[in-house]
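Beneath this line is the structure, given in structure tokens, with notes to follow.
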Amino acid sequence: MAASLRRPSFTTCSSPTDTDDEGVRGTCEDASICKRFAVSIGYWQDPYIQHLVRLSKERKAPEINRGYFARVHGVSQLTKAFLRKTECNCQILNLGAGMDTTFWMLKDEDLLPRKYFEIDFPMIVTRKLHSIKLKPLLSKPILDLHSEDTLQMDGHMLDSTRYAIIGADLRDIADLEEKLKKCNMSTQLPTLLIAECVLVYMTPEQSANLLKWAANSFEAAMFINYEQVNMGDRFGQIMIENLRRRQCDLAGVETCKSLESQRERLLSSGWESASAIDMMEVYSRLPRAEVIRIEALEFLDEMELLEQLMQHYCLCWATKGGSELGLKEITY
């Protein structure tokens with residue numbers, strides 16, 4: 001239905017899938033709260049997250065905050081490298097976007113792609129749409145960039161000229177593709193797909209289907225994946241057990257055995273080049289001035305704990321086509 005963003009028509013309903021995936025949806029809440037806390041004590045600037053996520057009363061551990069800083073920095077650097085290579089003549093698909101604020105941050109830096117898509121569970125999308133409707137700081141950029149009188153919107157979807165948010169299950173490729181095409185996704189534009197702690201909650205077959213669809217659907221594309229790695233050791237097993245206690249199963253953990261298994265899953269899904277580094281490597285490559293700044297924010301008692309945590313998460317990226325754009329040259 002067509003509706004004004006200022007007076008949108010919202011409907012709320014839950015499907016059996018929403019209920020079954022409650023544990024996975026809970027990880028969205030956890031990650032959002034951790035990011036909000038890190039922003040609140042100065043790790044990085046984000047004026048938008050406060051309008052989407054509540055501030056936790058519970059202080060987060062320094063190693064968690066530094067881990068999120070490295071995650072945000074790493075994904076941001078690769079994203080901006082893609083935008084520079086394509087001169088923003090591209091589109092971005094943020095898979096499992098949650099309460100992510102990248103669209104608004106990129107607009108502030110004059111780095112918006114031709115269109116930015118977010119996809120997540122319908123219940124998460126409904127919640128985010130509610131915040132967008134209520135907060136002018138979030139809605140105004142969407143309206144300012146919109147070229148028509150009305151926006152396409154319902155409780156699980158918003159489609160505007162430069163931004164779309166879609167409620168969909170990433171395990172249902174046919175439904176996902178149909179909804180994206182309704183929102184004018186182009187298979188001709190260079191496309192960046194981003195997944196942060198998303199594939200690990202899918203079975204290996206389900207994530208392979210998504211990766212193959214992404215590799216086969218676009219003439220030139222890049223995929224950024226942030227998730228667990230080295231999960232076969234004792235530390236990894238403790239992480240798995242902790243999540244299971246919260247009714248959250250890492251269905252795809254077998255592809256998180258090593259950096260090599262992460263690269264291989266991308267190459268075997270049709271991507272032409274693939275790289276993977278653990279987050280300790282990302283942290284070690286941070287600009288020295290930034291490291292000094294963030295390490296002054298909080299005292300970290302045991303560096304070993306940070307290293308253990310960072311060695312169990314990784315940043316992976318893969319490219320397909322786009323040789324004339326130099327996509328293969330993108331690295332962290």
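Cβ atoms here come from the backbone N, Cα and C positions, even for glycine.
A strand conformation is recorded for D120 (S-adenosyl-L-methionine binding site) in the three-state DSSP classification. Annotation for D120 (S-adenosyl-L-methionine binding site): same-chain Cβ neighbours under 8 Å, separated by at least 6 residues, are C28, G96, A97, G98, K128, I165, G167, A168. Swiss-Prot lists R71, G96, D120, D169, L170, E196 with the feature S-adenosyl-L-methionine binding site.
Annotation comment: Swiss-Prot describes 1-23 as region 'Disordered'.
In the three-state DSSP classification, E196 (S-adenosyl-L-methionine binding site) falls within a strand.
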